[in-house]
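To keep things clear, I will list the structure first and then write my remarks on it.
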Amino acid sequence: MDEKPSARKGPDFCSLRYGLAFIMHFSNFTMITQRVSLSIAIIAMVNSTQHHGLSNASIEGPLVDTLNNPSRSINKFNTGASVYEWSPETQGIIFSSISYGIILTLIPSGYLAGIFGAKQILGAGLLISSLLTLFTPLAADFGVILVIVIRTVQGMAQGMAWTGQFTIWAKWAPPLERSKLTSIAGSGAAFGSFIILCVGGLISQALGWPFIFYIFGSIGCVCCLLWFTVIYDDPMHHPCISAREKEYIVSSLAQQSSSPRRSVPIKAMVRCLPLWAIFTGFFSHFWLCTIIITYLPTYISSVLHVNIRDSGVLSSLPFIAASSCTILGGQLADFLLSRNLLRLINVRKLFSSLGLLLPSLCAVALPFVTSSYITTVILLILIPGTSNLCDSGFIINTLDVAPRYASFLMGISRGFGLIAGIISSTTTGFLISQVGPVY
C-alpha cells in the first residue's frame, strides 16, 4: 500500500487521464443536478397559492393567448405549468424513492463494472437517468405512482454510474495522482449542487418548472455523447493516448494484480479490518452530510430569517466551498506523497481524520453562535467544505487496498453511507417533531 512507482512522469493537464477526470466531473455534475431538480421544482409543482383540483390534477394556463400576445408577462406564461396536490407524506416518498433505487444497484453494478467494463455500465446509467429526467414532467401528469417509479429507476441508473467510476480509476490513475484525479471528478457533485440551487429557482420562475428537467436532462444527453466518444476502460486501447502517457500509466500500475479471475473473496473482505474502517468512515461521513443537505435551507430560513431568494444563495455557498476543498485536498494529498513527506497510509489517515473531525466540531458549535449572523454562515460553509477532505482519505482508499475490486467495494461503502443518510434524516425529523427546533 505504501510502495511508490518510480516511472517517468507523464504530461499533466494536457493528458487524457485529466481529460477523463473533467468529463467524469461533468458526469457527476449532471447526475447531482438531475437528482436535485425535483427538490427545486416541487416548490412550484405543489404551489399552495395556485388553485388545486383533485389529487394529481393539473391546472393549465391560457397558452394560446400567451402565444398570440407576446407582451404578456413571463409570470403569466408560467401558469401553463401543471400544479399538483401532493401531500407532504407523498412528497417524502417521492424524494426517498431515488435513494432506494441507488441502494438496489450499488453492489451489483460495482461487480458488473469489473466484468463488462465501466464505460458501458456508467454510460448506460447516465443515459437512462438523463432520459428519465426529460420524461419526469410528462410522468407527473399521468400520476404520482409513475413519478415514484421513474425516480426509483433513475436511482438505480445513478447507482450504476456512481460505482462504475472506480473501476476506471483502477486502470487510469497512477498511485501518485489518485487523489488529484478522483477529487477533480468527485467535485462535480458539489459544483452541481451549487449550480442547481443557484439557477433552479430562476429557471422555474422565468420559464416554468418543467424546464428544470428539460435543461438538465438535455445536458445529461450531451454528456453521454462525450462519454461514449472519449472514454475507454483501459489506456492500452485508447486510440488517442500518447506513447509517453501510456507508458507512464502502465508502468506506475505494474505492481497491481492483473489476474482475470472474476470471483470476489467475500470471506477475506469480511475479515479485513481496513475495509471495515472504510465502511465506518462512509457511515459517519454520510450521516452528517445528509443532515446538512436536508435541513440546511430550513436552518438558514429559521435562524438567519432571510427570504427565499437569499436563502437559496446562502444554501448554495457551502457547496462551492465543498467543490473547492475537494480539489485542493486532492492536490495537497498528492503533493505530500510526491515529496515523500508522508507515507500513503498516513496521508489517508490524516485526510480522513480532518474530514470527519472538523465538520463535526463546526456542527457542534452551531447552536452556540446563532446570535452571530456572520459566524453562523461561516460555520455552515465550513461544514461541507472540510467534510469533503474525506475524498482524499477513506473515500478513495479502496483503490489502495483492493484496486481490482474498487467498484464492488465502493458499492458496499456507499450502501453503508446511504443507510446512514436514511437513519440520520429520519431520526432528525423525529427529534424535531418531538422536541421542536432548538434554534
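Cβ atoms here come from the backbone N, Cα and C positions, even for glycine.
Just so you know, TrEMBL annotations never went through curation; they're auto-generated.
For 41-439, the entry in TrEMBL reads domain 'Major facilitator superfamily (MFS) profile'. According to TrEMBL, the feature transmembrane segment maps to 98-118, 124-150, 181-203, 209-232, 272-296, 316-338, 350-368, 374-396, 408-432.
Sequence-distant contacts of the transmembrane segment (181-203) (same chain, six or more residues past either end, CB-CB distance under 8 Å): 17-18, 20-22, 24-33, 36-37, 40-41, 43, 165, 169, 172-173, 211-212, 215-216, 293, 308-309, 312-313, 315-317, 319-320, 322-324, 326-327, 329-331, 333, 384, 388, 391-392, 395-396, 399.
With a cut-off of 8 Å on Cβ pairs spaced 6 or more residues apart, the transmembrane segment (316-338) and the transmembrane segment (374-396) reach 3 or more such pairs and are scored as touching. Same-chain residues lying 6+ beyond the ends of the transmembrane segment (272-296) with a Cβ under 8 Å from its Cβ atoms: 193, 315, 318, 352, 355-356, 359-360, 363, 380, 383-384, 387, 390, 393-395, 397-398, 401-402, 409, 412-414, 416-421, 423-425, 428. The transmembrane segment (350-368) makes no contact with the transmembrane segment (98-118), as judged by fewer than three Cβ pairs under 8 Å among residues 6 or more apart in sequence. Within its own chain, the transmembrane segment (374-396) has Cβ neighbours under 8 Å at 166, 169, 178-179, 182-183, 186-187, 190, 277-278, 281-282, 285, 288-289, 292, 296, 299-300, 303-304, 314, 317-319, 321-326, 329-330, 332-333, 347-356, 358-359, 362-363, 365-366, 413, counting only residues six or more beyond its boundaries.
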